[in-house]
Amino acid sequence: MSLYLKAEKIQSWRVLIMACAGFIFNTTEFVPVAMLSDIAQSFDMQTADTGLMMTVYAWTVLIMSLPAMLATGNMERKSLLIKLFIIFIVGHILSVIAWNFWILLLARMCIALAHSVFWSITASLVMRISPKHKKTQALGMLAIGTALATILGLPIGRIVGQLVGWRVTFGIIAVLALSIMFLIIRLLPNLPSKNAGSIASLPLLAKRPLLLWLYVTTAIVISAHFTAYTYIEPFMIDVGHLDPNFATAVLLVFGFSGIAASLLFNRLYRFAPTKFIVVSMSLLMFSLLLLLFSTKTIIAMFSLVFIWGIGISCIGLSLQMRVLKLAPDATDVATAIYSGIFNAGIGAGALFGNLATTYLGLNEIGYTGAALGLIGFIIFITTHLKYRHTFLLQNK
């Protein structure tokens, strides 16, 4: 094997490790969605109230993403990743032993702190450690890792939670995180901070209207998705009257849609980025609009969830890629802001879902999400038409 091929193989393994890291970070962020009922029962709470775990986690990421990124901006990236994994593991140990809901929330905030920095640096790191001619594919691999969190992480987390308790699910995530940390220590090279940006980057980014409106679009569209997705488990059981085992299968289908979205992104996005985003947003809106209707048959629900998953996964990939394109001189800071705003959308969506469930009824979460999605869609189209020449100039 030539030295070039050997080096490329090592680089591919490094990308795979980061994809695995993305897998566990995404798993732990969303696995409560699959266990809300069990956690609520454990602490003698209403399911809608335990859904606020998602809000607290997401808003911790929102608040901490930029300050934590600026504080660690000059740190060597491998050592930073190791420190993040230590915080992540400690948070999960605390989740396992949590003796009341408030301690569990504290543990989730600890994990969210690690999350806030991890996702701020990961996309740019993956592109740095990947083979030169496989940058987009590397980002797609990272996306597959996060999609697998939905395919494997959420359903398995739910099954484990049902069999032996939700605490064991968090314990298993801690063990997996420890294993990945050892692989990072072993295989990743030292990675000096590069094009991370600093506090001086903020005024420059603030002068890029297309980027700012992209952040606004992100917040609204992600809120739309999580208004319904946060409460998908009780929706399927209480509104759709599905057996809990079928509810697990629906989550599995949602995860497989993420793999399909990653493949579509790799093949199609580079040819027509804006059209790709528009179609993805349309899929999300129509899926949310038809969510209640899909409960009439199991096939309809499975089909709709698959399309819904493709839409939201493609949106996440596309918007992140566009942020990197619009801020090549301050990738980590721009991505930190994106990560914070993305999680603001998660938190807001969980809150909107809670309000919709409380005041309108659980069956209305799809319509509420669709209305938000329409607002985000209109903002994206309007700003693209206004600033499309700027985007074309920046991508020549």
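Residue numbering: from 1, along the chain as shown.
Every residue, even glycine, has its Cβ placed from backbone N, Cα and C.
The feature transmembrane segment is assigned by Swiss-Prot to 15-35, 51-71, 84-104, 109-129, 137-157, 168-188, 209-229, 245-265, 273-293, 297-317, 333-353, 365-385, with sequence analysis given as support.
Among residues of the same chain six or more beyond the transmembrane segment (51-71), those with a C-beta under 8 A of the stretch's C-beta atoms are 29, 32-33, 36, 39, 104-105, 108-109, 111-113, 115-117, 119-121, 196, 198-199, 226, 230-231, 332-333, 336-337, 339-341, 343-348, 350-351, 353-354. Counted as Cβ pairs under 8 Å, contacts with the transmembrane segment (15-35) are highest for 109-129 among 84-104, 109-129, 297-317, 365-385.
When each of the listed stretches 109-129, 209-229, 297-317, 365-385 is scored by C-beta pairs under 8 angstroms to the transmembrane segment (333-353), 209-229 comes out highest. Outside the transmembrane segment (109-129) by six or more residues, the chain places 11, 14-15, 18-19, 21-22, 25, 28-29, 56-58, 60-61, 64-65, 68-69, 72, 77, 80-81, 84-85, 87-88, 90-92, 94-95, 135, 138-139, 141-142, 188-189, 191, 194-196, 320, 324, 331-332, 335-336, 339-340, 343 with a CB less than 8 A from a CB of the stretch. Residues 139-140, 143, 147, 150, 221-222, 225, 229, 236, 240, 242, 246, 249-250, 253-258, 260-262, 264-265, 269, 276-277, 279-284, 286-288, 290-291, 342 of the same chain sit 6 or more residues outside the transmembrane segment (297-317) yet have a Cβ under 8 Å from a Cβ within it. Taking pairs at least six residues apart, the transmembrane segment (209-229) and the transmembrane segment (365-385) share three or more Cβ pairs below 8 Å and count as touching. Among residues of the same chain six or more beyond the transmembrane segment (168-188), those with a C-beta under 8 A of the stretch's C-beta atoms are 10, 13-14, 17, 20-21, 24, 27-28, 31, 35, 78, 81-82, 85-86, 88-89, 92-93, 95-96, 129, 157, 160-161. Sequence-distant contacts of the transmembrane segment (84-104) (same chain, at least 6 residues past either end, Cβ-Cβ under 8 Å): 21, 25, 28, 39, 43, 45, 50, 53, 110-111, 113-115, 117-118, 167-168, 170-171, 173-174, 177-178, 180-181, 184.
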